[in-house]
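First the structure, in the form of structure tokens, and then the observations on it.
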Amino acid sequence: MQLLNFGLLLLPFVAGDLAPQPEPLLAGPSDVVPGQYIVTLKEGLTSAQIRDHKKWVSSVHRANLDSFAAGASGVETEGIMKHFHIHDLNMYSGGFDEKTVEDLSRNPYVKSVHPDQHVYLAKTVTQRQARWGLGYMSSKGKPVPLHSTLVDYSYDDKAGEGVWAYVLDTGINVNHVEFEGRGILGHNAIPNKPHTDEFGHGTYVAGIIAGKTYGVAKKANVVSAKAFDTGSSTYNYILETYDWIVRNITDSNRKNKAVINLSISGAKYQPFDDAVEKAFKAGITTVVAAGNDGKDAKNNTPASSPNAITVGAVRWENTRPSFSNYGKLVDIWAPGELIKSCWKGGNNATSTQSGTSAASPHVAGLVAYLMSIENLPSPSAVTARVLNLTIPNLVKDAKDSPNRVAYNGIQERKFTLPKYY
């Protein structure tokens with residue numbers, strides 16, 4: 001069994017077409033967490049088989065640690081650490097010596113063993129203020145003035161009410177005035193760290209989804225699911241957080257009233273693509289960023305997950321920013337350059353940023369908005385409705401991507417409520 005060494009990155013903001021700085025698709029050997037792995041089990045195992053397998057792992061790991069060869073590696077390993085169960089997908093993380101990893105790779109119950117990896121936050125770039133993104137979402141793709149503060153954003157007054165948007169990110173400043181008490185601290189996977197947003201990325205993303213001024217779905221609830229902190233994370237924490245989100249949505253009976261946003265990207269990593277796919281089969285919608293590499297998104301995770309809604313970035317005059325990924329797996333295009341939203345540093349703080357990190361929450365907000373006004377019983381129905389509303393053939397330099405820009409459908413409704421922001 002081949003051991004794969006790929007990673008996942010929280011998407012950086014970029015400086016637009018003036019100075020795009022894409023992250024490398026493949027992380028270097030130094031990013032691997034020594035002795036730590038993600039193990040995916042084969043489908044169809046019974047609870048008893050999984051329980052027996054874990055007992056076997058503990059026994060083999062202990063025996064190997066007791067041997068001189070295992071002890072000579074110099075890597076302290078702790079065995080199975082966390083368990084992940086998403087629909088019928090069973091995975092676990094663990095700290096294992098090399099001999100135990102070899103034994104795991106040969107075990108008939110094991111589908112794959114992937115090294116865990118550090119995931120890094122990149123620096124953000126603050127840019128001049130702009131207010132075009134929301135107006136674009138209700139204009140049927142009509143180019144809008146970049147710096148105008150009088151662009152109409154028209155929407156149904158339900159505006160995401162009764163819907164929950166889960167943001168797997170750096171946390172959310174739930175006390176920011178933009179959230180009006182609709183921000184919820186859900187899960188913090190980072191040990192010994194407060195559930196706050198020290199980097200701004202998660203708060204920014206949440207503001208585009210549900211901020212009273214900057215949000216697409218202005219009455220939706222936003223749930224903070226923190227998997228990143230001081231610039232670094234691992235799949236151990238990302239999978240834990242995604243698992244928690246899926247469980248929380250399921251246990252709260254919110255499947256048709258919840259959406260997950262993932263403004264993260266990295267090289268193709270099958271365990272996480274599998275997790276997103278299993279969430280879809282469980283009845284949960286996930287919206288993901290296409291990535292900021294200026295390349296085909298087919299080599300990125302989670303953009304390549306077949307049933308995620310993958311979002312590329314478009315500029316105000318309907319061109320693709322050079323940083324935005326593209327390709328047949330990009331389902332839809334949404335505003336992603338010079339977008340203003342909430343930020344860290346205070347309950348009124350704002351920042352203007354660029355990247356597919358901004359494009360993805362526009363569509364996650366659109367999903368929340370549509371869930372509040374229409375009966376969309378499944379992720380398939382959600383995806384079909386979002387794509388049915390899109391405006392075709394507007395994006396210049398879309399490469400071989402489906403050429404569809406996001407639209408909220410307001411001009412086809414019987415009533416239109418003009419709003420200003």
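For all residues, glycine too, the Cβ spot is worked out from N, Cα and C.
What you are looking at is a predicted structure, and each value in this text was computed from that prediction instead of being measured.
Per Swiss-Prot, the residue from the list N299, N388 bearing the note N-linked glycosylation site is N388.
For the domain 'Inhibitor I9' (36-122), DSSP puts the residue distribution at 33 helix, 32 strand, 22 coil. Listed recorded positions: N248, S357, N388; maximum Cβ neighbour count within 10 Å falls on S357.
Classification of H201 (active site, charge relay system) by DSSP places it within a helix. For H201 (active site, charge relay system), the Cβ neighbour count at a 10 Å cut-off comes to 29, with all displayed protein chains included. In the three-state DSSP reading, N261 (N-linked glycosylation site) counts as strand.
If you draw a 10 Å sphere around the CB of D169 (active site, charge relay system), it holds 30 other CB atoms from the protein chains shown. Fewest other C-beta atoms within 10 angstroms, among the glycosylation sites N261, N348, are seen around N348.
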